[in-house]
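Beneath this line is the structure, given in structure tokens, with notes to follow.
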């Protein structure tokens, strides 16, 4: 059955996504503006009929393009295919609001196509690189959990967007980092940014990770990597924006897309979003309070956001500095060095030592991504409820590598369920209530979570019980009672009051976990650094995914690391040999990348 | 998630002592996931059968019982037996609470979200009957792991997904009654088996296809001792039970003098040999043979007397009554004689060997004969064959192979029911995944062919099964290139004929297996 497992999992997720697509989409049957579905369709029409220079300026009042160029290029491809089948679907201007069953099938197919082309392989590649040492059965379960994450399915295949493309490109970047292919990873991340600017939520974590890697590699190799990263990043951006840059356009041409992509002239928030601003707005009416002085709010939100992701950035930088320091200490300690050389049977120079330690910072990265993205979601301005998908992605990666019933698992399940719940007002408006219930039921059965049998032995257990009870209660109340005329927004506000605190706690938890994991990295000492994949193995048997989860929540990480530290020193000859083998493999991989 | 959570633990497996309806964790997982998946199909395409059933809800709720079989407000008049009308009447009460517009007789083609959600939910809930019946099979102490898997696979059968959850009917509920009746036979409770079947007949009369097997088996195995002595008490008990059931069902209408009207609704003898889309049976092959012969006659300019109505009929495509050009026309009486004669062949064997296994096989063959040679057979009737066949499919590799051929061609023949591209993708992918779940059984039962004819047969069968890939590609691509031409019927015709070949093969295989089985025992 093993040979069928992955294709069947992918087919099952495809089937579920396809069936969600049977339902309605955002703005269905609501002229004159419709919704996100019409926006995406309109961009196809726009890009195939107009030269690139007009893409960001054409009739901006009707869904003007406000995503970076890669979205526009993807729209162009879809538009060309659509025009080939039926030009009426994407005819300039005259196709506005087209809602035939065939055009809907075509639009749904484009989402499925790019999802299957980018996101599904990205998940598979992630499992293969980050969780390679887990049993194949565990990997298949992890893949299925990631494939069927309800919030993303509902937004992409129900509401209608292409978030999986952006998330898939970021995932490819993460897997490349895990392979030590930092330049490829950087290029992928720029592509992700070039598809949707929301990927900026990840930028602090990814940028610091790469900088940390440079610090970690030392002055010579670090600087070399830094220069290469800068070159690759700049080049990728330049290629993406080429039609808006000289010689294809005047210098000012770049301003059109930029001003569309970063609209600084909108309000602090729209609608009801489960973030800090909307939550506190219940007590403090920010908009009235700062009427006419909105720039203060913008600055405050920027400052809060930076403070919010600062722990992640600091953690990564500190981790890099710390591991670098211990590496220097290791090299200057001749006894340890000699021991190592004996083990390996070859003279391990410092360059070799550098190269084989490429994944030392890696376990920190998912937590840093979570902290950073959640901080943007909670504190930055102009946040949509859909952007919860960005913090959810690293949380789901952590969940997929976690053992059932543990702390990480519990936070992951809570985050996914509250994440979907926070989008309920939107999904309800789209007519996706049944799809919402069905996908949540399927996914929760898959991860093995039942709100009916709560575990109240930990903080997250109690929080999860309270949150799930609250969600059920709110759904029930909304079903039974209509909102009073005085408070038409009662239920969306109650939704925010429940979701935002949970997201805040997930943000705090991610910082705490980041510190724990970072501490373990720094506190392991030289021998641990030479065997990074074994150092925090726990039950995970050396996989990175296992490492993350293998950090025991109950036991102090320091004690754990001490125990493991001792374990490394007293390993038998045969296991040392085995480990040396693995180290060799890692180093060859690093060399082949050509760091 | 750790490895252990997904593997069934010894303690999770139902022990012999636990009650049969206590579900293991993985069974609940399957149930929840399958139900949620069916809920995703709420928005899918639905056929006119949806409005048929809505109309019946309205008729039974709003009109007195004396009007049920007379009302013609909608063209979709009530044409199921009284128990089904009662079933609709019971469901119409919650329906009226959900939305009273559902049960208004004049509210034709009502398609608000409330009625869609209500009727779709009612299909999912009443399908529990099938789940219960199959669960009892999986809990039988004698059941092998293959039998358990096959029983579970019936609950997730693509046929039910296509016909009930998308197209819209209540087959899951009614096959639940049938499977429960067969389970009673399995347990040796023959009277209960007969009673359940009599009740089922009063829900939907198409199960009459299977009635001869029940009749012969009950007469031989229940009303007689194994040695052949008649047991008058059993006979009287059975007869009284069946008569009582029919009296409860038909009694009110007999009293009102409406029996002729009721029967004219149940048996409209005004239809043609083939359904609009030919079911994959013998008549589909004969129809296509007639067309081929017509071409031969025309091109060779043979002096064969042609039926000119038939010549006109063949050029008209698929709709309406089938009139042959070369082959003699088939009258209802012919189909009746052929059906009875072939069924008699199997029933004589059943009389000689009235065991449970023999009964289920004979039941399947009875259904098969009716499907292959019946008048105006609908392609959905293939479920009458596939469901009992699943219950004997793990007897041997030959049985399983018969099951595979019958299932592949039978399910494929249902695909045209969902002609919208989106739903066509759903049914195809779902069927593939369902098939993958049955692959382990194939591995466990597989036997290498031992003689030259069986080797050739296996190669031919494999080629036939592989042909479905090309058939699917053809029916997908053909309409794209021939949009707006008169050839639109061609994919349907080829599907029907290709599936009919598989059905003939499976029918012959099962007949041979059954007759051999009898020979061995005798």
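Using N, Cα and C of the backbone, Cβ positions are placed for all residues, glycine too.
Positions annotated as transmembrane segment by TrEMBL: B:168-186, B:206-223, B:235-255, B:333-351, B:358-378, B:398-419, B:426-443, B:463-482, B:489-508.
Within the chain, the transmembrane segment (B:489-508) has long-range Cβ neighbours (under 8 A, six or more residues past its boundaries) at 277-282, 284-285, 288, 317-318, 365, 368-369, 371-372, 382, 402-403, 405-406, 408-410, 412-413, 415-416, 461, 464, 467-468, 471, 474-475, 478-479, 482. Residues 41, 44, 146, 149-150, 153, 156-158, 161-162, 166, 394, 400, 404, 408, 411, 414-415, 418, 472 of the same chain lie 6 or more positions beyond the ends of the transmembrane segment (B:426-443) yet place their CB under 8 Å from a CB of it. Counting Cβ pairs under 8 Å to the transmembrane segment (B:358-378), the stretch among B:206-223, B:235-255, B:333-351, B:398-419, B:463-482 with the most such contacts is B:333-351. Within its own chain, the transmembrane segment (B:398-419) has Cβ neighbours under 8 Å at 45, 47, 158-159, 162-163, 166-167, 277, 279-280, 379-380, 382-383, 385-386, 389-390, 392, 426-428, 431, 435, 441-442, 445, 461, 464-465, 468, 471-472, 475, 492, 495-496, 498-503, 505-507, 509-510, 513, counting only residues six or more beyond its boundaries.
Highlighted: of the candidate stretches B:206-223, B:333-351, B:463-482, B:206-223 has the greatest count of Cβ pairs under 8 Å to the transmembrane segment (B:235-255).
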